[in-house]
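Colleague: Have a look at the structure that comes next, please.
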Amino acid sequence: MKALNINLTHKTYPIYIEKGLMNSIGEEIKKIYARKNIVIVSDKNVWRFYGDKLVENLNKSGFKVNKIVVEPGEKSKSFDVLLNIYNKLLDFGVTRGDLIIALGGGVIGDLTGFAAATFLRGIPFVQIPTSLLAQIDSSIGGKVAVDLNRGKNLVGNFYHPEAVFIDSDVLSTLDDRYLYDGMAEVIKYACIRDEKLFYRLLSYNSKEELIQNMDYIIETCCNVKKEIVERDEKDTGDRMILNFGHTIGHAIEKYFNFEKYTHGEAVALGMYSITKKSEELGLTEKGVSENIAKMLKKYNLQYEIDIENKDTILEAIGVDKKNSGKFINIIILKKIGEGFIHKIEREEINKFI
Ligand SMILES: NC(=O)c1ccc[n+]([C@@H]2O[C@H](COP(=O)([O-])OP(=O)(O)OC[C@H]3O[C@@H](n4cnc5c(N)ncnc54)[C@H](O)[C@@H]3O)[C@@H](O)[C@H]2O)c1
């Protein structure tokens, strides 16, 4: 089994990557958790495929299991659902040393992680990410949060799991739209840090070939994120590099009211559009945007967008919570595999859209 360790100043924890890992999960959890009580938090879609199997497996290893299953989708990353989780944890008599498992995509990981971070001032939790996005991104790095009506992820914390268990077999039940949504973030990692990954992704000729290589892809992406998070756990500097495509991407998501494009789809548009401009400005090697376009097309991601009202996009960027003051940081590529942070005056963003 592949294992990466996330080494932070105050904590080290493992990420395990193996096909079929769900079949031996009880025994794996036994190695890191000595008590009996476990609460699984999941959503209805994921529970339908993997819930009973997980409970059975944990029971076999001697654990007593309770479950909390919420509605699927971003709407569940709310205070209402969080409150419901706290109440259920109280009903189940959960105490400080008990364990919570987040079984699901990024919504479940963020919501459960925040519940674990705050319930009784913090109880241990484990991530079993089931969407590609969660396996390569949201389950690593310790960011946990819920949304407010006025914006996403506005209340949160940095709170790391005891371990992350990644079984790429579960991606077989994921809708294609979410698979390719996650691929946008995979492509992002390749663009900013890993030329070899980029050209391997470009060489795959079918979904089957992509799936066959999934463990290599997941491990490579986790490694990139691990290195960046270890250097800048609290997102005050270098971690910003992970925002490649995100400044414009967030603005596009917002412009379309979070209805037309998924996060990954918007990031794809953002990566291409900023690279096209940075190439024209001579900051990026020639041909990079064309390669990105080719890649995005291959993974069913739109790369060009016609925005009638550019001002609305600029306005959305202006209120992005990651930006403050006169300057903003944007992420651009020198070439494929080499991203860097570029500081510009706020008004200069015009040139990049
Ligand atoms: N914490 C972080 O660092 C971080 C990073 C990126 C994104 N996020 C957050 O992640 C969330 C998005 O995550 P997501 O794209 O995984 O969304 P999601 O959790 O809503 O999952 C997408 C859909 O796929 C379904 N699903 C998940 N796994 C499945 C499986 N194996 N089989 C069948 N269906 C499955 C879910 O039920 C849902 O309908 C957002 O809230 C975003 O803010 C957090």
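Backbone N, Cα and C atoms are what each Cβ position is placed from, and that goes for glycine too.
Whatever TrEMBL says is automated annotation, not expert-curated.
What TrEMBL shows for this protein is this:
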| type | residues | note |
| --- | --- | --- |
| BINDING | G106, V107, I108, G109, D110, T130, S131, K143, K152 | NAD(+) binding site |
| BINDING | E185, H246, H263 | Zn(2+) binding site |
| DOMAIN | 68-179 | domain '3-dehydroquinate synthase N-terminal' |
| DOMAIN | 182-323 | domain '3-dehydroquinate synthase C-terminal' |
Colleague: Can you tell which of the binding-site residues (K152, H246, H263) has the fewest other C-beta atoms within 10 angstroms of its C-beta?
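Modeller: Counting other Cβ atoms within 10 Å of each of the binding-site residues K152, H246, H263, the minimum falls on K152.
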Colleague: Going by DSSP assignments with H, G and I as helix and E and B as strand, what are the residue counts for the domain '3-dehydroquinate synthase C-terminal' (182-323)?
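Modeller: For the domain '3-dehydroquinate synthase C-terminal' (182-323), the helix, strand and coil counts are 99 helix, 0 strand, 43 coil.
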Colleague: What does DSSP say about K152 (NAD(+) binding site): helix, strand or coil?
Modeller: strand
Colleague: Counting every protein chain present, what is the number of Cβ atoms, excluding its own, within 10 Å of the Cβ of G106 (NAD(+) binding site)?
Modeller: 22
Colleague: Any same-chain residues 6+ apart from D110 (NAD(+) binding site) with CB under 8 Å of its CB? Would you list them in sequence order, or say none?
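Modeller: Expected: K77, S138, K143, V144, A145, V146, N153, G156.
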Colleague: Identify all same-chain residues not among E185, H246, H263 whose C-beta atom falls within 8 angstroms of the centroid of the Zn(2+) site's C-beta atoms; report them in sequence order.
Modeller: L133, D137, A184, K188, G245, G249, G264, A266, V267
Colleague: Name, in the order they occur in the sequence, the residues of the same chain whose CB lies under 8 A from the CB of E185 (Zn(2+) binding site) and which sit 6 or more residues away.
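Modeller: The answer is L132, L133, I136, D137, C221, G264, V267.
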Colleague: What is the total of other Cβ atoms whose distance to the Cβ of I108 (NAD(+) binding site) is within 10 Å?
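Modeller: The Cβ of I108 (NAD(+) binding site) has 32 Cβ neighbours within 10 Å.
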Colleague: I want to check the contact list for S131 (NAD(+) binding site): same chain, sequence separation of six or more, C-beta distance under 8 angstroms. What comes out?
Modeller: G104, G105, G106, L171, L174, Y178, G182
Colleague: Tell me, roughly as an integer, the mean pLDDT over the domain '3-dehydroquinate synthase N-terminal' (68-179).
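Modeller: For the domain '3-dehydroquinate synthase N-terminal' (68-179), the model's average pLDDT rounds to 97.
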Colleague: Take the domain '3-dehydroquinate synthase N-terminal' (68-179) and count its residues per DSSP category (helix H/G/I, strand E/B, coil), listing them in that order.
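Modeller: Computed counts for the domain '3-dehydroquinate synthase N-terminal' (68-179) are 49 helix, 32 strand, 31 coil.
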Colleague: How many Å separate the Cα atoms of H246 (Zn(2+) binding site) and I108 (NAD(+) binding site)?
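Modeller: That separation, Cα to Cα, works out to 22 Å.
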Colleague: Rounded to a whole angstrom, what is the C-alpha distance between I108 (NAD(+) binding site) and H263 (Zn(2+) binding site)?
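Modeller: On Cα coordinates alone, these residues lie 16 Å apart.
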Colleague: Between K152 (NAD(+) binding site) and H263 (Zn(2+) binding site), what is the CA-CA distance rounded to a whole number of Å?
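Modeller: K152 (NAD(+) binding site) and H263 (Zn(2+) binding site) have their Cα atoms 12 Å apart.
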